[in-house]
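Below are the features listed in TrEMBL for this protein:
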DOMAIN    255-298  domain 'EGF-like'
DOMAIN    299-329  domain 'EGF-like'
DOMAIN    412-455  domain 'EGF-like'
DOMAIN    490-536  domain 'EGF-like'
DOMAIN    784-814  domain 'EGF-like'
REGION    1-24  region 'Disordered'
TRANSMEM  826-850  transmembrane segment
Amino acid sequence: MRRARERADPALAPRGRGSLAQLGRPDRLCALEGTPGPLQSCGQACQGARSQRAPGGLGAGQGSSVLGPSRASHGACSRGLGGAPGWQLTPLPDARRVHWEGPCSTGHHQAGSAGRTPMLFAVLYLALGTLAAPCQPDGDHVATCQTDKCEMVDSAEICTGCKAGGVPIDGFCWPASSLPAALAGCAPGESPGVCTRCSSEGHFLFMGGCYKAGSSPGNEVCAAAEGGRCTACRTGGSVFQNRADSPALGSECILCSDASGSPGTANCETCTGPTDSAGKATCKTCRDGYFLESNECKQCGAGCSECTSSTACTLCMPGKYLKGDKSCSEVCDAKQYADPNTRECTACSESCKVCAYDDTLQQPVCSECEGAKPLLKKKIDGTAECVDADGCATVGQDGTHFRSDGDTKCIPCSDSSGSANDQGITSCEICSKEASQKPVCKACVSGFYLSGTCKACVGNCAKCGSTGSIQDCTECLPGYFLRDTQGTKECVACGDTSKNGVDGCAECTSEGAVKCTKCKPNYRQSREPAAGVTCTRVCEDEAACGGTAGACDAVVIDDAGKELRYCSFCGDSTKIPIDGKCVAAGSANGNTCSAGICTACANTYFLYMNGCYKIGQTPGQYMCTAAATGFCTAPDSKKKFFNIPDATKQEQSVLACGNPLGTVTGADGTAKAYVGVPSCTACTPPSAPSNGGMAAAKCTACEAPKKPNQDGSGCTLCAVAECKSCITDNVCEVCDGDKKPNKAGSACYACSPEGCSHCSADNRCEVCADGGKRPSLDGAQCITCNIDRCTRCSAEGVCGECEAGYAPKDGKCEPGSTGPNLSTGAIAGISVAAVVVVGGLVGFLCWWFICRGKA
């Protein structure tokens, strides 16, 4: 059973989609059925099929496009290698066909029936509505997923219903016309925010979304997929195989927690599936807040996260603590403290009457003693313990504490708050006291030296001689190291890289080369055996926004293109995020902030990722150059960010071009989602959808070595020689100059034949732009030859070469042998050549055996 999220290393804070597929295309895609992968994007229209581009173009990601409100799918328009006029070949390796809205045009056929799908899927969608749960408030789906439409699949949170015209692809929301949706073959249905089919190879439908088998998070559900269905569920975890004879599309794998007409168990986390269609899954573990009893998950008591029965809790929810009677409470009993790490009420130490957990020290501290050890002995490090008189100090002997006259208190040597004989000496570490006399200091704390009283060493020195000079320094304070340059000493901060320090280092040693031993809170720490600890900066806030996972998640790109992370909320609820850092609530400067976040900003500030940023200073200047009434009116001059067209001061008004998680304005039916393109460093903003929808910016520059694809909907690697832009990594879609790509997108060639869109070699046409034409056998021209399954024609209306599995017959393509099939003339020529070869071989053998034999 998963434990609820606790305080975590701030290095875990950065979150996002990781290595996601390239983002959406601005056009819908028509399919080339029977080809190994290439698709044709409909730059104009599928010969009459509806192609309604939303304002500003369609796409996804940071810089994606708007999705129109109507996306009902009625099947896939498919055809052979020819294309409709204006089609442009765009090879997409993982997709066979993509569903198209509207009737198929001449020369196309309906690929599969969708007649029953909307009604069937509506039933499944209603069932999902009873199953999905609220999204995590600090998760990746809050902006784009519908309320209560998130589910946990093993350790991954997925969205099962998207806002504003998006669809779930691999658990995340993308515009329905985006490239990820096209690659998955998602066919949106009548119910908003879901897919009804996933037609691309290796993809399957699950809980309203398309997932790729073998890739996260699809690999948590399915091991193999075919025809849009999962054929082998990943059993033993959070799903099991549906044993029905003919399971509905998308229901081949069932969540263990799905009890809505399925053999699952409500609130079950892991299970083993039934052996037949009449059986019920056997639950192994329940979700947080439930316990297993007789194959049912029953709710734990109030405030309980894990339990063995309704009255026996073993782990409480955050903010609650486990008491001795196995119940959860916000307050512990007397002589106990609330431990935030274990979420338990734990007994104070021996003789301690009152204690509390200290967040800074990360341990309990006693504040009042009783019984056999009535004296509270406070230590220099802030901790304390209960002792008797002898445990405090021995009269006349050196120690860190002394006994007050009357033996009623145990006083640290450095505590100067008392009076008369009970007053200590400021900065004194070791002292002695005779009865009825004042204490006498014998040694000072680190950073001070004894000269009658304790005087400070200079320059962050911990141990110095009687002069206090830095030249007498032999050891520096924690966080510093001693540097001796040609007889001149100084204590240098461990993180001072200009003087041989280590970036991000909080503590270090300096025997020989400086070695870091501990990083600052806003750095990730990793150990190198030879060099000590290495530190990687993960947050610009020195306290890492309170040290809570996910708190430092506001990404800002500076003018040099470097990605910086600032506070998206403050783990300490008494602080608020202003200019990306957590400050005291009293420093709000007119902004509306509380409980660790901001909800509206003042005049010269703008709202970004739950924080208020001021224009004209770091880091606000990296995002916005002008703000009015609390929102950004002009993004940065380098166009690394774009304006959200219709944002209010209570909504985020600017978004990074490279942020694919996006933001939403409005609510319910009028909600509009805006997203960016992963790896994008500069973009142009999208137009606002008219009636709700999803819009994406158009990318104009990407992180090196990637380039924007032709429509700016994605960033791709593009190492193909003479290629201007690639549709996916190293698959060319547009070449430099007058050259054109081959069908596979792997090379660019001179391509002079009129009407040719792709050449397989210089001036040898491979695909014609006009869907009613085919290349000639020699590739020198495009011939009118609108014949299904035909790839090349020998004359007008006469096919000379067919797709694999088909052969030319009477000028048409009929089912025949596998492999590219040749025309009758070509076959005749090969036959004549074969006869000549065989005749020559027979003649040679006759000569060898007859003529040579006579010799």
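In case you wondered, yes, glycine gets a Cβ from its N, Cα and C as well.
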Per DSSP, what is the helix/strand/coil residue tally across the domain 'EGF-like' (412-455)?
3 helix, 18 strand, 23 coil
Mean pLDDT for the domain 'EGF-like' (255-298), as a whole number?
90
List the helix, strand and coil residue totals of the domain 'EGF-like' (299-329) as derived from DSSP.
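Summed over the domain 'EGF-like' (299-329), the classes give 0 helix, 16 strand, 15 coil.
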Would you list the DSSP helix, strand and coil counts for the residues of the domain 'EGF-like' (255-298)?
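Residue counts for the domain 'EGF-like' (255-298) by secondary structure: 0 helix, 18 strand, 26 coil.
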